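J.: There's a structure below that I have some questions on.
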Amino acid sequence: MPTVIVDVMPKDMLLDPQGKAVAGVLTRTGHAGISGVRVGKRFELTVDEPVTPEMHRQITTIAHNILSNSVIEDVVSIRVGTTHEQ
Amino acid sequence: MRIGVITFPGSLDDRDAARAIRLAGAEPVALWHGTPDLAGVNALVLPGGFSYGDYLRCGAIAALSPIMSEVKRAAKSGMPVLGICNGFQMLTEAGLLEGGLIRNDHGAFICRDQELQIENTSTVWTNSFTPGGRIVIPLKSAEGGFTAPKDTLDRLEGEGHIVLRYLGANPNGAQRDIAGITNAAGNVVGLMPHPEHAVEPGFGPDTDAAMRSGTDGLGFFTSVLRSLVGV
């Protein structure tokens, strides 16, 4: 069954304490050359039928209204793909 | 006067809120998120906790609960609604209050008695406080950093919609030290600190007078009672 992948990231201008903590542990464990980490979310929506333009529109609405909060996050991509297990 | 307290899966402070309502002299009414019925209450409290385990975003799933369409309708028709901590997060997620709450800038959960400045005493939830007064109530949250676009912050400030500000060191990175805000009508208020934990001598924050004697949180509940009975 097709999967639609939605990626959501905290807004660029907002502090991402989670990313900062991960960046901190990279430095502590000796991984040089990485100056920053930001942590976002990936949603995998399993769709029953092939993804029609109508379904894509529906998922776009879901992505903006439910999966993300536009005050603090951005939807950075919506694409048809495969689940990470496949 | 009957004040509803909505319990969501993962609410923690619903019983404390009910107790605060009773101590203020009103009757608490337990409401359930899954039943879209406000049982004829005169006001509503959305309590603190970790609804749905903070899945998706704090308060996001609760904001889509069956009862929330009733809450939105009631709020828009002027019913007093107070969101405490997770309840505040729900009100922003539901679009009843502006802005959003993000993870504390230092990354840690904070739990302490917090001094606050009362900025607005014209809301239904703060009218028994002294303008410019200071109160101390507990703050306990990991995602309490209030944030909004700059023009929204300017507007909130310009229109007097900031209800409370943190005093002393900013505990969570909240923009402009904002601890609580109101909607334009002054009937919907959200705040990160917990007034319901400072309502009874012996169980509140320490004061200069005695340990745990602080009851500064009671003012929120007596305010709404005052508004409801119209004195």
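For all residues, glycine too, the Cβ spot is worked out from N, Cα and C.
A TrEMBL annotation is a machine prediction, not a hand-curated record.
As listed in TrEMBL for this protein:
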- B:Cys85: active site, nucleophile (ACT_SITE)
- B:His194: active site (ACT_SITE)
- B:Glu196: active site (ACT_SITE)
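A description of the local structural setting of each listed feature is requested, covering burial, neighbours and distances.
T.: For B:Cys85 (active site, nucleophile), the same-chain residues 6+ apart in sequence whose C-beta sits under 8 angstroms from its C-beta are B:Asp13, B:Pro47, B:Gly48, B:Gly49, B:Lys140, B:Ser141, B:Gly144, B:Leu191, B:Met192, B:Pro193, B:His194.
Classification of B:His194 (active site) by DSSP places it in coil, neither helical nor stranded.
When Cβ atoms from all protein chains are considered, those within 10 Å of B:Glu196 (active site) total 29, not counting its own.
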J.: Measure the Cβ-based neighbour count of B:His194 (active site), defined as the other Cβ atoms within 10 Å of its Cβ.
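T.: Total other Cβ atoms inside 10 Å, all chains included: 23.
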